[in-house]
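Listed in Swiss-Prot for this protein:
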type	residues	note
SIGNAL	1-21	signal peptide
BINDING	G14, A17, E47	FAD binding site
CARBOHYD	N159	N-linked glycosylation site
CARBOHYD	N192	N-linked glycosylation site
CARBOHYD	N204	N-linked glycosylation site
CARBOHYD	N243	N-linked glycosylation site
BINDING	S330, G331	chloride binding site
CARBOHYD	N480	N-linked glycosylation site
CARBOHYD	N491	N-linked glycosylation site
CARBOHYD	N523	N-linked glycosylation site
Amino acid sequence: MSVPAQTSVLIVGGGPAGSYAATVLAREGVDVVLLEAEKFPRYHIGESMLASIRFFLRFVELEEEFDRHGFEKKYGATFKITEKNPAYTDFAASLGEGGYSWNVVRSESDEIIFRYAGKCGAKTFDGTKVESLTFEPYPHEGFDESVHLANPGRPVSANWSRKDGSSGVIKFDYIIDGSGRNGLISTKYLKNRSFNQGLKNIANWTYWKGAKRFNVGEKNENSPLFEALKDGSGWVWAIPLHNDTISVGVVARQDAFFEKKKESGLSGEAFYKEYLKLAPQIKNELLRDATIVSDIKQATDWSYSASAYAGPNFRLIGDAGCFVDPYFSSGCHLAMTSALSASVSIQAVRRGQCDELTGAKWHTTKVAEGYTRFLLLVMTVQRQLRMKDKNIISTDEEEGFDMAFKKIQPVIQGVADTRTEDEQTQRRAAEAVDFSLESFEITPEKQAAVISKIERSQAEPELLEKLTPEEVHILGNIVNRTFEREKDELNLTHFTGDMIDGYSAKLEHGNIGLYKREKALLNGTASRAAAVLKSIHQVA
């Protein structure tokens with residue numbers, strides 16, 4: 001089958017974001033073409049999945065296939081941040097007793113979703129790269145950065161090529177950019193990507209065989225382990241996989257990485273092993289009798305965002321729009337959240353439920369808020385990593401970080417985007433984001449000052465090191481209260497509970513889209529909470 005000359009929705013990129021969007025839309029009867037530059041199976045890092053992945057897969061009836069494939073079951077994750085007891089996020093809190101997600105081999109899991117999109121009716125082509133787009137003028141005053149939108153014109157066609165020398169043009173009504181970090185629209189046409197200066201890291205990783213199982217006989221047996229480096233420069237992941245290997249990677253601040261490399265005079269595998277010594281539990285316990293079975297891989301791990309994730313007839317999803325440090329394994333969660341958002345916002349316009357401006361604004365807001373939730377958490381935990389012995393997210397009395405992680409658990413398991421629309425729970429969440437800290441006798445002025453420092457620290461990371469004890473106290477409570485949620489139903493109905501500009505998502509098979517809501521589920525703090533998230537995101 002050759003790439004058609006025209007389609008209703010063109011999706012660029014066959015990763016989890018693009019393939020999931022193609023699946024959702026194809027199941028709605030939409031004419032979809034999905035183009036992936038590489039040939040499957042292709043390698044990708046990012047093996048640890050959040051609990052929320054089950055909800056997304058369940059929505060498109062793909063959950064059972066993931067189970068049948070035999071991926072390593074993930075019942076939670078363990079975080080060793082300081083010498084205090086490690087914290088464990090138990091997926092039973094969101095998936096029920098015995099509930100699990102997976103650690104996946106991405107070359108396999110990504111291909112499963114890509115092929116499934118084809119089974120659902122999407123026309124899928126791998127080894128087919130989109131080289132450029134053609135735009136037509138789209139005169140509309142509403143599409144501007146003041147509402148986090150962009151207007152380079154309306155994209156109407158794409159030029160593609162294959163390694164066999166063939167090429168062509170495909171016209172479309174809509175385009176969804178899931179091209180990953182290459183970010184076709186964001187980097188080539190909008191030029192609106194900005195990097196978080198406080199989260200410029202480098203990752204080195206490889207795969208081992210013969211590793212010891214973590215914490216045998218305990219509740220968190222064989223869970224992924226994330227251990228802070230002893231020098232405070234970063235962290236190490238250890239993720240067991242179903243092919244009898246374990247993925248082990250070092251994530252370190254770029255400046256610390258190159259300084260240590262220069263001082264040691266080492267490179268490649270020797271330098272990687274030297275850095276691992278700063279994570280003694282992983283190095284001395286899990287890897288004691290293990291051997292490396294792959295080459296050492298390296299990649300920049302810079303967190304970034306964009307000033308807009310949508311415009312006239314286009315949507316950005318997954319890493320094509322934004323990327324946040326992978327400490328909480330948020331990549332595939334954010335990919336599928338944004339893919340679903342793009343799908344419902346496009347269908348809403350196609351079905352006459354709203355105009356294009358409203359649909360685009362709904363999507364860009366949804367993406368920005370999801371990204372910012374993880375950004376705020378990562379920045380705070382990063383400070384705890386750097387300030388090893390100071391209590392940032394725990395108290396002097398606590399022996400570990402279980403209380404802090406219990407409060408942020410709905411976010412780091414992805415449940416904040418997949419829970420039920422219980423009014424009381426949502427109101428409490430909104431009030432928390434509004435930083436209602438009266439019980440700590442913290443004035444609005446002090447709150448604003450700390451938020452300002454957090455914002456500026458993204459351009460001046462050293463500001464995180466200069467917070468006063470009082471500011472540290474305020475920041476810790478902001479984070480804890482921001483993400484204090486309750487356990488609730490196990491489905492995607494929270495996605496429908498969010499109201500943006502008066503519209504909420506409808507996730508009904510055969511009729512997905514947006515609908516006008518007469519009554520908000522949240523009280524007046526919701527808009528202020530959203531404003532805070534947006535304000536932090538703007539400078540990310």
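From the backbone N, Cα and C atoms, a Cβ is placed for every residue, glycine too.
The Cβ of N192 (N-linked glycosylation site) has 20 neighbouring Cβ atoms from other residues within 10 Å, across all protein chains displayed. Largest Cα to Cα distance within the recorded FAD binders G14, A17, E47: about 17 Å as a whole number. On a Cα basis, N192 (N-linked glycosylation site) lies 20 Å away from A17 (FAD binding site). The Cβ of G14 (FAD binding site) has A22, L34, L35, E36, E38, F40, D110, F114, A117, T124, D126, G178 as same-chain neighbours under 8 Å, each 6 or more residues away in sequence. Ranked by Cα separation from N204 (N-linked glycosylation site), the binding-site residues E47, S330, G331 are led by E47. Neighbours of N243 (N-linked glycosylation site), defined as other CB atoms within 10 A of its CB across all chains, total 13.
Taking Cα separation as the measure, N243 (N-linked glycosylation site) is nearest to E47 of the binding-site residues E47, S330, G331. For G331 (chloride binding site), the nearest of the recorded positions by C-alpha distance turns out to be E47; the candidates were E47, N159, N192.
For the pair formed by N159 (N-linked glycosylation site) and S330 (chloride binding site), distance between Cα atoms is given as 32 Å, rounded to the nearest Å.
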